[in-house]
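Enquirer: Encoded as structure tokens, here's the structure I'll be asking about.
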Amino acid sequence: MMEPGAPVCDTCGEAVGLKPNGELFVACHECNFPMCRSCVEYEAKEGRKECLRCSSPYDEHLLDDDADQNPPGGSRSTMAAHLSDPQPQDVGIHARHVSTVSTIDSEMNDESGNPIWKNRVESWKDKKNNKKKKGAKNNKTEQAPAEIPPEQQMEDKQPGEALMQQPLSEIVPMSRNKLTPYRAVIIMRLVILGLFFHYRITNPVDSAFGLWLTSVICEIWFAFSWVLDQFPKWSPINRVTYLDTLSARFERPGEPCELAPVDFFVSTVDPLKEPPLITANTVLSILALDYPVEKVSCYVSDDGAAMLSFESLAETAEFARKWVPFCKKYSIEPRAPEFYFSQKIDYLKDKVQPSFVKERRAMKRDYEEYKIRVNAMVARAQKTPEEGWTMQDGTPWPGNNTRDHPGMIQVFLGNTGARDTDGNELPRLVYVSREKRPGYQHHKKAGAENALVRVSAVLTNAPYILNLDCDHYVNNSKAVREAMCFLMDPQVGRDVCYVQFPQRFDGIDKSDRYANRNVVFFDVNMKGLDGIQGPVYVGTGCVFNRQALYGYGPPSMPTLTKSSSSSSSCSWCGCCSCCCPTKKKKAELDATEVYKDAKREELNAAIFNLHEIDSESHSKTRMKSLLAAERSFEKTFGLSSVFIESTLMENGGVPESVNSSALIKEAIHVISCSYEEKTEWGKEIGWIYGSVTEDILTGFKMQCRGWRSIYCMPLRPAFKGSAPINLSDRLHQVLRWALGSVEIFLSRHCPLWYGFGGGRLKWLQRLAYINTIVYPFTSLPLIAYCLIPAICLLTGKFIIPTLSNLASVLFLGLFMSIILTAVLELRWSGVGIEDLWRNEQFWVIGGVSAHLFAVFQGFLKMLAGIDTNFTVTAKAAEDAEFGELYMVKWTTVLIPPTTLLIVNIVGVVAGFSDALNKGYEAWGPLFGKVFFAFWVILHLYPFLKGLMGRQNRTPTIVVLWSVLLASVFSLVWVKINPFVNKVDPMEIAGTCSSIDC
């Protein structure tokens, strides 16, 4: 353990140490560059006897232990004073993670004008090679002695070695009894589909050729869509984690905690649409995590620059001083107060401390008082003053103009003296609002997340990042530990770009009318993807490897040789293909593929330059290599030496001796609106721009580089959020997702053609990504197919000819294979049949409404540059439980499914009327037509229920069947005519014939 204020070596991060005479070891007396004796010795052995900062030669007697020569008194005392005096505490920024980065001054340059990070990287690489050489020597010495008896080996073996061999997680494959029949039915269904389409194509209906052709095209598309959705679920897996092993390995008693630090990102925009109390509960659940406080930093992005968000976060920080120790003392779950106090459970279960009841009551009272203060802020914020908002000191709020304001950073918790009520340190809490100016593209949520990546890299630089939406709180306090079981496992975590948790929701009605829980996707599809290359990124509840966000490839990918590196980026010669053989071969390929490969390898080429620095003997050659690397990094990451330096540290961290005010200044710089110009932000690194569903695009780019992801499903859900439960809001949510998929389809990142160069994306994984971008286009054949039954009933025609015995067997086999596939899928996934049925219903509802509008809106936006929006207007609401469920909001999206419902209901009535008029023979053909019409009506039934609202609590099914039965009964009544005297037709004919016309 290093003493506080002890000078730290700027190369290895260890204490500089003392000379044998007890004085502080000083390597360079010209610039006082902090460097330990071991590093200086290694530099001397390698022939470098000059200071890394100022290039002044070292003293000849520097490493002579017997010499008692002191440097000039003034220089030595100045250096000692400079290193011994602790840095002033400023705005709460303190570095907790010791790393090998250099001390950063205000200018970030040494006396010779060279950026310190370049010298830093050079010595870092030399130190790494030194460790390798020492390891090789140790291996040789270990092989020299004679063989040790096995008994003695077991006695000498340390307990820690056995612990290191224990896995932190394991894959639990699905039982063969469940998976083998499932796969067999899939193959059988494929064969039946082939025979079915052979019959359909070879047996056209001449009397209704247009309807027949339309139906066949629709069915072929549905089969293609099924293949895209089905085969990525070929090899589903489960995973299990061992939290006890994680704690035993990285939290040994009496030793510093070795768990990796984590930076949390919470993003919000408009506090009037995203209530501050919801965001506050998310923040409080993060601060109260079951994780070492010095390893947790929470960054809240206020992209609306609202003073309400700032003030509510200040109140939240104050309340956290009481809430965090209460949660940790009594192991509270969940640790979001709003949801903890609203639980309808026995809160005394498993609680044995006598003081718990008293403290819980006091804490609930404190929380209610805190809610009143926040609600008062919200009430005041409803009307903005004409002169704008003013802070407590009388100065105007910098974010009064939300589209033109400077960047703002405020540290609320951390090393500012603000401790909890028990005197313990609290996690860091930072408010961030990036700069916005007119004329700049800010890229909405993706741009805000990238700003947080840079700010966190400058201030804390944790190796892992967990992002949450403001309405998703931590439901399981051990969620981060669950993720660390994968990311910190040396066998598993090397190639993992992120660990995705399933989304779970509160406040949804029991029947889940509109499939808000999305259980089929999270419990079936995602498990299947986990058996291939990992789940897709869904935008929240995800723990990232920071290095993957920076565009680096996984460590297991083959390292670049000098020729391949230079050929991919041409950073050595600056040419395209004239001097690089590999480029000449690539020139024969498609131009877009060449561009894509060059961009992908450009960053690795810069890394290769750094790897080659230690092999260059001439200082000028080394400087050229460093300059090439510097230019490549600045082109990629932007003009920030501090941030570039942080990207090189795989294990994260910032120096302890850094000046916090300089870091704040640099953090403000990296969130400026012009910082991303002419860089790779949003193109190759960070959250990717170009789609409203930046989550799918970001995960796809990572997996194209060779990374894999992990799906973690702990027994207690890790995170919970809120979902729109009324029909209109749900459809608009689905519309936004589908629009993002269409945008990706029309962009250069389309999985149909992107990412083939390296061959790092597995084919089944590519099928899954293709499915995520083409599913909105299913709306076109789906609407046509839902109209066909009504047209058949109204015209008396049908899309299928008279069925033969073979055709009947094919149709029966197809329906049976569909049912068996669903049943066996439910068997291995554990999903309920009601969830599956709700998912099928909303697939039709969303397909004929939101997906259709997304296709047209996407084409207008991407091809014509026209951005359209659909207004939502609330018509009715009730203040009861799930009252929002019955709220009717009229919007354009509701028109297509409403039309389909009316047309099919009219078609059923017309079909029965026609059958009654034609007699008994017409009832047989009517059965098939009515079956398809009812298939449409049953799938749209939740939509009809939501459209009609509560209707004075009368069940919608009663209203629906009443209309149908009344119509049929009226037609039958007219046919029978019980109150009209029946006249014999022969008598009428005879009467008419006797008349002389």
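Positions of Cβ are set from backbone N, Cα and C atoms, glycine also.
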Enquirer: Identify the transmembrane segment range according to TrEMBL, selecting from 281-300, 841-860.
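Expert: From TrEMBL, the annotated transmembrane segment range turns out to be 841-860.
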Enquirer: Give the distance between the Cα atoms of LYS273 (UDP-alpha-D-glucose binding site) and ASP695 (active site), rounded to the nearest whole Å.
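Expert: The separation of the Cα atoms works out to 22 Å.
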Enquirer: Of all the binding-site residues given, LYS273, LYS445, which has the fewest Cβ neighbours within 10 Å once its own Cβ is left out?
Expert: LYS273
Enquirer: SER267 (UDP-alpha-D-glucose binding site): which of the recorded positions LYS445, ASP469, ASP695 have a C-alpha within 10 angstroms of it?
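Expert: Passing the 10 Å Cα cut: LYS445, ASP469.
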Enquirer: Write down the Cα-Cα distance for LYS445 (Mn(2+) binding site) and ASP695 (active site), rounded and given in Å.
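Expert: ASP695 (active site) and LYS445 (Mn(2+) binding site) have their Cα atoms 10 Å apart.
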Enquirer: Would you work out the biggest C-alpha to C-alpha distance among SER267, LYS273, GLU274, ASP303, LYS444, the residues that bind UDP-alpha-D-glucose according to the record, and give it in angstrom as a whole number?
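Expert: Taking every pair among SER267, LYS273, GLU274, ASP303, LYS444, the longest Cα gap is 16 Å.
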Enquirer: Rank the recorded positions GLU274, ASP303, ASP469, ASP695 by how many other Cβ atoms lie within 10 Å of each Cβ and give me the one with the fewest.
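Expert: Taking GLU274, ASP303, ASP469, ASP695 as the recorded positions, the minimal 10 Å Cβ count falls on GLU274.
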Enquirer: Return the single residue from the binding-site residues list (SER267, LYS444) that has the minimum number of other CB atoms within 10 Å.
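Expert: With the binding-site residues SER267, LYS444, fewest surrounding Cβ atoms within 10 Å: LYS444.
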Enquirer: Please identify, among the binding-site residues GLU274, ASP303, LYS444, the one with the smallest Cα-Cα distance to ASP469 (Mn(2+) binding site).
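Expert: Given the candidates GLU274, ASP303, LYS444, the nearest one is GLU274.
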Enquirer: To what whole number does the mean pLDDT across the domain 'Cellulose synthase RING-type zinc finger' (7-60) round?
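Expert: Summarising the domain 'Cellulose synthase RING-type zinc finger' (7-60) by its mean pLDDT gives 74.
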Enquirer: Within 8 Å of the Cβ centroid of the UDP-alpha-D-glucose site residues SER267, LYS273, GLU274, ASP303, LYS444, which other residues of the same chain have their Cβ?
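Expert: Other same-chain residues near the UDP-alpha-D-glucose site: THR268, VAL269, ASP270, GLY304, LYS445, ALA448, CYS470.
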